[in-house]
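Reviewing the structure listed below.
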Amino acid sequence: MTATCPAPSTAPDPAPAAAFPIADTACRVVSNEPVNAEYRLLLAEAGPAALTAEAGQFFQLKCPPTTLDRPFLRRPMSVYRIDRQNGQIGFLYKVTGKGTRGLSTLVPGDTLEAIGPLGLGFTLPAGTRHVLLVARGVGLATLTPLVQMARAAGAEVTAILSARNPAMVMSRDELAAQGARVIEVTDTAGDSDMAQVEALLRRLHAEQPFDFAATCGSNRLLQLTKALSAEWQIAGQAAMEAFMGCGMGMCYACVLPVTAPSGETIFKRVCREGPVFSIEEVQSW
Amino acid sequence: MTATCPAPSTAPDPAPAAAFPIADTACRVVSNEPVNAEYRLLLAEAGPAALTAEAGQFFQLKCPPTTLDRPFLRRPMSVYRIDRQNGQIGFLYKVTGKGTRGLSTLVPGDTLEAIGPLGLGFTLPAGTRHVLLVARGVGLATLTPLVQMARAAGAEVTAILSARNPAMVMSRDELAAQGARVIEVTDTAGDSDMAQVEALLRRLHAEQPFDFAATCGSNRLLQLTKALSAEWQIAGQAAMEAFMGCGMGMCYACVLPVTAPSGETIFKRVCREGPVFSIEEVQSW
Amino acid sequence: MVDLSVQIGSVTLRNPVMPASGTIAEGFAEIVDLGRLGAIVLKTITPDIRQGTQPPRVAEFTDATLFSIGIPSKGPDYLLESTLPVYAGFGVPVVASVSADSVEDFGTLAAYISAPGVAAIEANVSCPNLRAHGQAFGMDPEATAEVIRAMKARTDTPIWAKLTPNVGDIAQIARAAEAAGADALVVSNALLGMAVDAENMRPRLGNVIGGLTGNAVKPVILRMVHQVAQAVSIPIIGCGGIANGEDAVEYLLAGATAVQFGTVNFIEPAAMEDAIAWIEAYCRRHGVTEVRALTGAMSPRHDQKSPLQSAVL
Amino acid sequence: MVDLSVQIGSVTLRNPVMPASGTIAEGFAEIVDLGRLGAIVLKTITPDIRQGTQPPRVAEFTDATLFSIGIPSKGPDYLLESTLPVYAGFGVPVVASVSADSVEDFGTLAAYISAPGVAAIEANVSCPNLRAHGQAFGMDPEATAEVIRAMKARTDTPIWAKLTPNVGDIAQIARAAEAAGADALVVSNALLGMAVDAENMRPRLGNVIGGLTGNAVKPVILRMVHQVAQAVSIPIIGCGGIANGEDAVEYLLAGATAVQFGTVNFIEPAAMEDAIAWIEAYCRRHGVTEVRALTGAMSPRHDQKSPLQSAVL
Ligand SMILES: Cc1cc2nc3c(=O)[nH]c(=O)nc-3n(C[C@H](O)[C@H](O)[C@H](O)COP(=O)(O)OP(=O)(O)OC[C@H]3O[C@@H](n4cnc5c(N)ncnc54)[C@H](O)[C@@H]3O)c2cc1C
Ligand SMILES: Cc1cc2nc3c(=O)[nH]c(=O)nc-3n(C[C@H](O)[C@H](O)[C@H](O)COP(=O)(O)OP(=O)(O)OC[C@H]3O[C@@H](n4cnc5c(N)ncnc54)[C@H](O)[C@@H]3O)c2cc1C
Ligand SMILES: Cc1cc2nc3c(=O)[nH]c(=O)nc-3n(C[C@H](O)[C@H](O)[C@H](O)COP(=O)(O)O)c2cc1C
Ligand SMILES: Cc1cc2nc3c(=O)[nH]c(=O)nc-3n(C[C@H](O)[C@H](O)[C@H](O)COP(=O)(O)O)c2cc1C
Ligand code: FES
Ligand code: FES
């Protein structure tokens, strides 16, 4: 069921769901530029099924072979931008191995095969007023569309962006433009260690209490956010990663140990019961 | 033992044999242009071992991977040009499958890894005066350097070039420039069938007797040349092809059934006991 | 018109293409039209409820993957109550797959799940026989036969024996399964493999050993189908490294009546549908009016075959 | 300085890298310096003179090849008179390889070629046992043991048993070979495979079946080395899909003491020399002063291993 995308102009609004809610779409690449030394932003025209994507969902991207690499499995990438107006979806990705190296060879006009949207995205409890985002590294890609979602739901957003150095802090402008308050902490500035971040979060919460927390991209930040959410008795969610076989809930490769309400540890599939989990159930990784 | 080539100007004459008579040489590609719709000519700077190549010998070429193909084994190619003056070797090849498609992606400045020279080339009996070459298709690539060899030994050369149509007759100028008399027969002209070629050869032999015959590239022309050599009681050689594993005499994949002096059929390795065989021993393929 | 239908014992498939057990799940119906397949094969279940192996569960190679999942299973009641209804509406035969730690449990489970919506049951004998020091049932002809006999004794639903390729003489196992009453043979499950990360000096899978699947294994399993086809007369379903119509046809020529697509479903959800179209075009191109005529139609390369076929190198 | 030397029974190798039987020949010395290898392993010979199988003898896949050669052999006298002298001058242990149709012939041949220049003899048991319906010796533990016993009875030269991977339980065969007195185990020969050309409906090899070799088989043979290492205490020589130093180290970590490079020699004549340098650099990088410390040094991924390691999918 490889669908071809309609030209973006013919799909200005969220299109009705396709015959199949998930599609393997041959998307036309619009741009694929580096955003800093490690990350690139890939924008592509998407079909109606793909445009139903929500914050926290992901796509399985076919990574083109290069003369050196022949990636076999697809690679999971969170949807970073959902632009229903222009019929585009975007991915912010770090070039790490053969799959992402392949992705980085795509040029405008090429075809990106993307299966999705996949998995469960973020859900904001009704009436949420102040959302805390805690992200590091690639976690930012996953959390960015949540700002859009929270603002649309009438909530304020404070985003803590942690990175090795200021050059690695991405999408601060994108987040700010969407109305989030952005606070950067970096290893080079020396304010990204857990003690300082904890103090920062407590101060922010004291100023204006959070009623929802979301995190992605760092195990230590996850532990901190989880502890504070419990202490503050607020809802929270974490977007998790796992090595994936299919991304479609079929192979059971992507399981993560989570704590069931009974207290016992069970496996859940990141691609199907996740990638967004309630922050209480996730353990560490 | 990957040797790097010296700049051609530093090796104007046949260089002394390298420490190893056969080398895996990283050759710098000089050019790689189409000569007609099917064939390309690849010229590369070669090291001293490679430049000892003789007519009929071949190299095992590493065919670069492309985004689609990943050729695993090397591909055998006859040496088509041995330019000791400029320190270059050349290959005339037909783009047929994934290996040759890979070769066709090489551009000047790229590296061509070539193991060679390999196999046994042509040997002209002392005192040969008139050499008959009978070639079709890719067989021409193999027979071309034999003209140079024969002329250097003081023999005259008459070359029969058979092809589907005149556009497919290659290197007629190259052969003529080296002093061969060139006669073309083509399917489109209707003079390439066996009966007519046989009549042509008999006429030529009557005019000026051949004392050596060499053939490559067509099973039917091989049978004809073999029969006439026997009848005329002249020496003859045929350059043969076989699917190769190693090209270095190690795997025994490339065997060809040949008729031993005893009359029994035995297997010989095309890469080691060939690719040039005495025309009496070869059977058909 | 090409007749694509094939017959696996008493089960008629509209075409020879189906997924391999464990390589599709409910979610697949959200992406492709399962109604176009020859059959739908479900993931193996066990009598008990299992969580499976420790992650990481997947490693990747060129054209192949190593998976170690460990048959997470929600048990037979979940199959009957939740899984079967999902697949009931496609008008396509549904094949269940079972595994167990003992011969008796294979029989009991087969009887338990012999519901109207189950067209056949695959016996996944690649799992360890707890009575034989954990050696897989499928590695021993007698244990394989016992499993099939126990299942045949307890149900009238057709039983397909899915063999393990991790054996010396696959033909011997195939003959044992046929003699025990198997209605068809699936050849085969996955070759066992392993991967080590040299830099961190650890196995790349949590379970150390996993199943090697994907296109790279095709030459090995194709050879087994050829060997089994010479040994039995029940239908063979080829499975191993099939990614497209051409792969499928190679299996049919080597002796298979139908084929299963596995790992490729994870990468190209449209692969099975595309293959059905390719096979039809292939038949048309070769003047073949019935796809079943391809089964075993490979002609030998030479007049006589080497008597020493296994002395290959 | 890293000590690269390893000990295979009584034979000391200056490094753990050697060619696999049948993958180099005299001509290789014209291209690379054989004196830098850990050992030189010769192609298998048989007591009789053989021509081998019908061409075509090779087919190519992604990262793998299928060869069917059939052990063309010039017999033992040619080995002693012509082959050994070629390799005598490199200062490197030379390992002969033998195969035969019967247990007795294995013993006789081993005795016949036990010349001073032969440091060890590999028993290639992947060939058909004519007394057992042509099933390979190596597929049966008892037949494997008989071959090794017959050879040990007739010579004092160390005997390396080269196992076939086309078996169910490789550890069982390994234990049988060890008990019969093998000085080392080579794990392993080639997996049997086959290829069909869908368009012309013929097998791609003259012999239909061939040996699948090259990088694609590494996960399967690496798993076997791991299994054998848990079963025996004699040295293991890993062989299967090794193309570079990293592959070699993976085998050492999984339990091998040395490694053999096969198909890659056809493509990259410098592969073994490059690998020796890579292994040395790897040891230095990891603070390993003796390469033999790598043997079996893989740490388990988790505290305890799954008791159901073979129930992988
Ligand atoms: C749900 C989800 C969403 C993700 N979103 C993003 C994103 O928006 N931006 C981004 O840069 N990255 C994201 N990742 C991580 C991304 O999938 C990996 O970086 C990518 O697969 C690496 O592939 P590679 O071939 O370049 O690297 P290699 O290291 O060569 O990959 C080898 C194998 O390991 C797997 N793998 C490697 N790293 C990871 C990882 N961190 N998580 C999961 N599998 C991995 C690959 O998929 C592949 O199968 C996400 C992962 C998941 C699970
Ligand atoms: C000694 C020798 C000299 C040769 N010289 C030349 C030459 O000068 N110019 C030229 O164009 N061709 C020559 N050939 C043929 C050339 O090697 C093949 O055309 C080439 O290997 C095809 O590779 P491919 O991957 O493009 O085609 P594919 O069809 O994809 O090749 C698949 C496999 O079959 C083998 N193969 C395919 N065709 C042939 C063939 N005709 N002979 C041997 N193996 C084959 C390939 O090597 C490869 O292993 C020569 C062959 C030999 C044996
Ligand atoms: C993730 C995964 C899970 C599998 N689960 C099962 C299973 O539950 N039962 C079974 O019989 N085979 C199972 N298999 C094996 C497949 O059915 C099939 O035999 C194997 O993947 C080979 O086919 P392929 O090369 O096309 O993938 C599984 C394979 C994979 C990759
Ligand atoms: C062309 C060829 C010939 C071989 N001949 C022999 C042989 O004579 N004896 C033997 O024991 N193994 C033989 N083998 C098997 C190799 O020694 C080795 O076990 C196999 O190739 C696997 O290693 P690789 O994947 O590195 O190639 C041969 C392999 C090939 C490819
Ligand atoms: S990746 Fe296959 S089930 Fe999640
Ligand atoms: S190609 Fe290997 S011996 Fe000729």
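For all residues, glycine too, the Cβ spot is worked out from N, Cα and C.
Residues or ranges marked as domain 'Dihydroorotate dehydrogenase catalytic' in TrEMBL: D:4-275. Look at TrEMBL and you will find D:Ser21, D:Lys43, D:Thr44, D:Asn124, D:Lys162, D:Gly214, D:Gly240, D:Gly241, D:Gly262, D:Thr263 tagged as FMN binding site. Taken from TrEMBL, the feature substrate binding site applies to D:Lys43, D:Asn124. According to TrEMBL, the feature active site, nucleophile maps to D:Cys127.
Positions of TrEMBL features highlighted on the structure.
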| residue | record | CB count, 10 Å |
| --- | --- | --- |
| D:Ser21 | FMN binding site | 27 |
| D:Lys43 | substrate binding site | 25 |
| D:Thr44 | FMN binding site | 25 |
| D:Asn124 | substrate binding site | 31 |
| D:Cys127 | active site, nucleophile | 26 |
| D:Lys162 | FMN binding site | 27 |
| D:Gly240 | FMN binding site | 32 |
| D:Gly262 | FMN binding site | 28 |
| note | The largest Cα to Cα distance in Å among the residues D:Ser21, D:Lys43, D:Thr44, D:Asn124, D:Lys162, D:Gly214, D:Gly240, D:Gly241, D:Gly262, D:Thr263, listed in the record as binding FMN, is 19
| message | Given the binding-site residues D:Lys43, D:Lys162, D:Gly240, D:Gly262, which pass a C-beta cutoff of under 8 Å against chain C? Sequence order please. | response | none
| note | For D:Ser21 (FMN binding site) and D:Lys43 (substrate binding site), the CA-to-CA distance in whole Å is 5
| query | How would DSSP class D:Lys43 (substrate binding site) in three states? | reply | strand
| CA-CA, which of the recorded positions D:Lys43, D:Asn124, D:Cys127 lies nearest D:Gly262 (FMN binding site)? | D:Lys43
| Should any of the recorded positions D:Lys43, D:Asn124, D:Cys127 have a Cα within 10 Å of the Cα of D:Lys162 (FMN binding site), which are they? | D:Asn124
| note | Reading the DSSP string in three states, the entry for D:Gly262 (FMN binding site) is coil
| Nearest-integer angstrom distance between the alpha carbons (Cα) of D:Thr44 (FMN binding site) and D:Cys127 (active site, nucleophile) | 11
| query | Between 0 and 100, where does the mean pLDDT of the domain 'Dihydroorotate dehydrogenase catalytic' (D:4-275) sit? | reply | 96
